[in-house]
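Q: Relevant sequence annotations retrieved from TrEMBL are reproduced here:
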ACT_SITE  Cys2  active site, for GATase activity
DOMAIN    2-191  domain 'Glutamine amidotransferase type-2'
BINDING   Asp97  L-glutamine binding site
BINDING   Leu256, Ile288, Ser363, Gly364  ATP binding site
SITE      Glu365  site 'Important for beta-aspartyl-AMP intermediate formation'
Amino acid sequence: MCGIWALFGSDECLSVQCLSAMKIAHRGPDAFRFENVNGFTNCCFGFHRLAVVDQLYGMQPIRVKKFPYLWLCYNGEIYNFKQLQKQFGFEYQTLVDGEVILHLYNKGGIEQTASMLDGVFAFILLDTANRKVFLARDTYGVRPLFKVLTDDGFLGVCSEAKGLINLKHSASLFPKVEPFLPGHYEVLDLKPSGKVASVELVKFHSYKDEPLHAACDTVENLPSGFDLETVKSNIRILFENAVRKRLMAHRRIGCLLSGGLDSSLVAAILLKLMKEMNINYPLQTFAIGMENSPDLLAARKVAAHIGSEHHEVIFNSEEGIQAIEEVIFSLETYDITTVRASIGMYLVSKYIRKKTDSVVIFSGEGSDELTQGYIYFHKAPSPEEAAEESERLLKELYLFDVLRADRTTAAHGLELRVPFLDHRFTSYYLSLPAEMRTPKNGIEKYLLRQSFEDSNLLPKEILWRPKEAFSDGITSVKKSWFSILQDYIDQQVDDLLLEKAAEKYPFNPPKTKESYYYRQIFEKHYPGRSSWLPHYWMPRWVKTADPSARTLKHYKSAAQE
């Protein structure tokens, strides 16, 4: 996990522009570098490093003797770089996994490069010999990327929008900063002036398709057919493989553990594989909550079962409320459920950074979208509509849960790993018949739970624990985090302000005092940038003005039982 930043065709003094790159220094606390491009005085790369692999030669932009005309700035991890080296006979100059991008590009161009990378990534590749700039981002947007491109060809690229919003440019007072789309690459011509012109934006991978790199995966062909035992076995094999490949690190590995199904499965498999690989330190697991919250109690049970070195971070409502502004600044969004759920994750990440030496952090993001884990999936009119909704959620992950997971951990210099969003695992799960993937017997993620039922990885009551929204599970059943927030915010936002909200904020107008409060803070830091969030995250097929699972009937009846 690092911070990348680059400018092409800047009219302003680069030493002034470079101040913007310091806005993402949190992403790489170990080292930073600015480098001008030979022959292009108005082009510059900036890089903030979190050293996870190759402590000696891991600085960027990466340049190797074999390709002196290529410059690479990337953020991510390429899990199959050794398999690709073996398959194509690449000769690496460093131990950096991202070096494979240079070799793949030299061998087969940008299309093959992006398609063959098994991992998470956002990169800027400059080819001075052919005067091209390439941008690319992984399938689900696990690693963030933003860009600004003006009409006269000034290009700015950064891991976070905050590194671009204050750039100076003569032709535009308010250049449009926007997220770069996941699963795409862009080709731009580099002119002698250092300015660029966009040639094409190409979608290189759809998450439903088996990825091109599956051909050189460590797990070869799986049994076909949709009989239950075959499917359950394939799910176990692919998910274990997803965790195993993510063990690539020279820094200590830890795991977030809420005590829900997703993080518990990740932690259990992670610990099992670490033992098999003789990793000689205990796995640290981390849970956060208020005193006696459901998540803390469940996580304690899981940690005892798997034998991790467990840490509990207990916070009070005052600490949570105090963190709201810095969380919204880190997130660059005002989405209600994203902000709520981010408070706990931000505070636990802060603890990990200050009190432990774990840096590479595993988490359960992506499972709810993939395996239909949200409570409202019980209300889906048909399996086909549920499958469509699952795909929509996956497509928008980069705006919501993946954004939350990246920014809250990156704010404290941690690197997040999310095995549920493994390309091979997700494409297999989405290839299953729609009927197989729906909630059953009143229980969401039924197929995933079934697949691990006989594994003894987790206690039965955890494996079958109902869905608990992270923002709600960290507080007690009696009073949820969202109601604590609303009680506080009710005193901060006047009724009259809410009545006139649509006049003040015509795009995505706030409908509640809570959303108004978040929007005010967002506009303070990012005025006029509300379009970064196309719409609020809300459940479907139910009538509710609030995205909390606790407002849904299914949750209430389960809690009452």
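Including glycine, each Cβ sits where the backbone N, Cα and C put it.
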Q: Out of Asp97, Glu365, which of the recorded positions is least crowded by other Cβ atoms within 10 Å?
A: Asp97
Q: For Gly364 (ATP binding site), just count the other CB atoms lying within 10 A of its CB, please.
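A: For Gly364 (ATP binding site), the 10 Å Cβ neighbour count is 25.
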Q: Roughly how many Å separate the Cα of Leu256 (ATP binding site) from that of Glu365 (site 'Important for beta-aspartyl-AMP intermediate formation'), to the nearest whole number?
A: 10
Q: Cα-Cα separation of Ser363 (ATP binding site) and Asp97 (L-glutamine binding site), in Å?
A: 21
Q: What Cα-Cα separation, expressed in whole Å, is found between Glu365 (site 'Important for beta-aspartyl-AMP intermediate formation') and the residue listed as 'active site, for GATase activity'?
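A: Given the Cα positions, Glu365 (site 'Important for beta-aspartyl-AMP intermediate formation') is 20 Å from the residue listed as 'active site, for GATase activity'.
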Q: So if I draw a 10 Å sphere around the Cβ of Cys2 (active site, for GATase activity), how many other Cβ atoms end up inside it?
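A: I count 28 other Cβ atoms within 10 Å of it.
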Q: Average the pLDDT scores across the domain 'Glutamine amidotransferase type-2' (2-191) and report the rounded value.
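A: Residues in the domain 'Glutamine amidotransferase type-2' (2-191) carry a mean pLDDT of 89 in this prediction.
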Q: Do you know offhand how many angstrom separate Cys2 (active site, for GATase activity) and Gly364 (ATP binding site) by C-alpha?
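A: That separation, Cα to Cα, works out to 21 Å.
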Q: Whole-number answer please: how many Å between the C-alpha atoms of the residue listed as 'L-glutamine binding site' and Ile288 (ATP binding site)?
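A: For the residue listed as 'L-glutamine binding site' versus Ile288 (ATP binding site), the Cα atoms are 33 Å apart.
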Q: What is the total of other Cβ atoms whose distance to the Cβ of Ser363 (ATP binding site) is within 10 Å?
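A: Total other Cβ atoms inside 10 Å, all chains included: 25.
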